[in-house]
Amino acid sequence: MRLKSFSTTLDTLRRRFNDSSSEEDKLEKNIQDETSIKEVSLQDAKQSDEKGVEEKVFNDESFSIDVAPKPEDELSGIVKARYLTEHSSRISFYICYFSIFLLFFAISFQAECYYSLTAYATSAFAGHSLLSTIAVANNIISAAIKPPLARLSDVFGRLEAFLFSLLLYLVGLILMAASTNVQTYAGGSVLYNAGYTGVELIMTIFMADTSSMANRSLVLGISYLPFVVTIWIGPRVAQEFYMHSTWRWGIAVWTILIPACSIPFLAVYSYYQFRAWREGALKGTLTINPVELFKKLDIIGLILMTAGLALVLLSISLASYDTGKWSDAKFIVMIIIGGLCLIAFVLYEIFVASFPALPFRLMREPTIGACCAMSFLFYITFYCWDNYYYSFLQVVHYTSITAAGYISYTYSFTSCATGFFLGILIRLTKRYKWYFVASIPVYILGQGLMIRYRGEQYNWGYQIMPQIIVGIGGGVIANLLTVAVQTVVSTENFAIVTALVSTVTPIGGAVGSAISGAIWNSVMPKRLEKNLPSDLKDQAYTIFESLTVQLSYTRGTDARNAIILSYSEVQKILTSVATGFAGAMIFPVWFVANPRLSTVKTHIFDSKESKV
């Protein structure tokens, strides 16, 4: 890529600041306008609680609550979304939400099977230590795919973006199920994760399109309720596949079930898109040529970000296994080039990109900036200890696949249940900030208890208790991150701010996974070599790379005790680092706004009431 000179960059900046067609300038101006509007709205609300204050921000030039945006000023995807909202019946919406509920049920079920079986899949290829490396790659691709997918959903439509995501999802599952080596499995996992991320993102955008702000948290909480059910059956099903079939079938079966659950949603959305086309509702919408689309998707920025994160984080994760690799010129060059790519990415996004994937200027808005920081730290914390936690439970606490899954998913269960009840509380109180503030100490406490109760001498109850506490705090945080950023922008911009926070999230996950991989790969082999009996020291690498081999040593033997001690020592480091990152979330939470949600109606589809 050819870098522009400094003077050219300044000229570009001047043009962008003066160009009223700049999408990012519009969004920033919208935020400023909305902030002043909300202040007026709050004053009006005090005078009359019975009157809802509706706000709309349509462009940089003017503000009106009576004039809707012209179709020719809008992208096709937004027009399609509005048409669905304005012309569909409540029954159609109930069908869509029922399908979303089924889809969340299926993908959560599948995710639990995948999580329960992936340690055995990598062990089958002598690659158990690569769990964190695969997680790094998964998180990087999740970060890279969200901004362009959100824009594609605006340019072409929610339906088209959903179908693309579903295709990636299914191809990834097929590759994993048919893999003959760890490289193919990892590649399939990356595609699967990209599709999973896309499906979840488009569903979130759809729910934002069709729900009011006061109901947003409740709708999101209800959509996550399937996780509460599948947590208890997913690990059991995974164990049955492993014991009576193969881990491959535990993955392959979902290539049939997930598309089937999508059919009602696809049918309704396709029908109304066809009606919109037939009635001419899409005529005159903005058209984008390939060059403009290339700019809007910020392909150059995404390549720089993906390359930078991959070169730095994957190098750290892989090189940590052999300390000698830190002096290897190849790894040093990879890290240096990756760092330069990340620097170039930041500069490109700020000074060059017309439609930046990560609009850093938006982070100057306190709520958006604070939520991005919290999302980043939140997922670093989680992935610092999560990648090897499932193996830890089986090795140290002698759990079965089913029991390890139950304990691991106690966090998810508690988090989803908390999100549901939080939605009800917000619906009643119309406020959310103080729930945010209270959740941070709870989350830190849970992380700290994981340090204390990690040893073999503590029974399963001591493993479940921290997961419940972490789940309560984490459920509030995860739910409110999306709600908070959406209160400071109009619905036209839900996709971009949701994608912004959602992009920072997997970057945090990638960093956390790289940290856990670096610690695991550098410390665990040394602990095994130190703790194993002398007659098994030469087998330390084989033991290190296979969960199946680790579990083959029976309870009470010197070998198993040595493996347990090694796991416990490494787990202490992982959870201690995680607790430190969790503590850092105390600072940004105070910058989050605390509007009264009943006065914040940022809905562009106002010709009718929102369906939800």
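Note: Cβ is positioned from N, Cα and C throughout, glycine not excepted.
Swiss-Prot lists Ser5, Ser21, Ser22, Ser36, Ser41 with the feature phosphoserine. Residues or ranges marked as transmembrane segment in Swiss-Prot (evidence: sequence analysis): 91-111, 125-145, 159-179, 188-208, 218-238, 249-269, 299-319, 331-351, 406-426, 434-453, 464-484, 573-593 (among others).
Tertiary proximity for the transmembrane segment (91-111) is limited to same-chain residues at least six positions away from its ends with a CB under 8 Å from its CB atoms, namely 173, 196, 199-200, 203, 206-207, 210, 222-227, 229-231, 233-234, 237, 254, 257-258, 261-269, 272, 611-612. Remote same-chain partners of the transmembrane segment (125-145), defined as residues 6 or more beyond its termini with a Cβ less than 8 Å from a stretch Cβ, comprise 118-119, 179, 181-182, 185-186, 189-190, 193-194, 197-198, 302, 305-306, 309-310, 313-314, 317-318, 321, 379, 383, 387-388, 391, 503-510, 513-514, 516-517, 520-521, 524, 542, 544-547. When each of the listed stretches 218-238, 249-269, 573-593 is scored by C-beta pairs under 8 angstroms to the transmembrane segment (406-426), 218-238 comes out highest.
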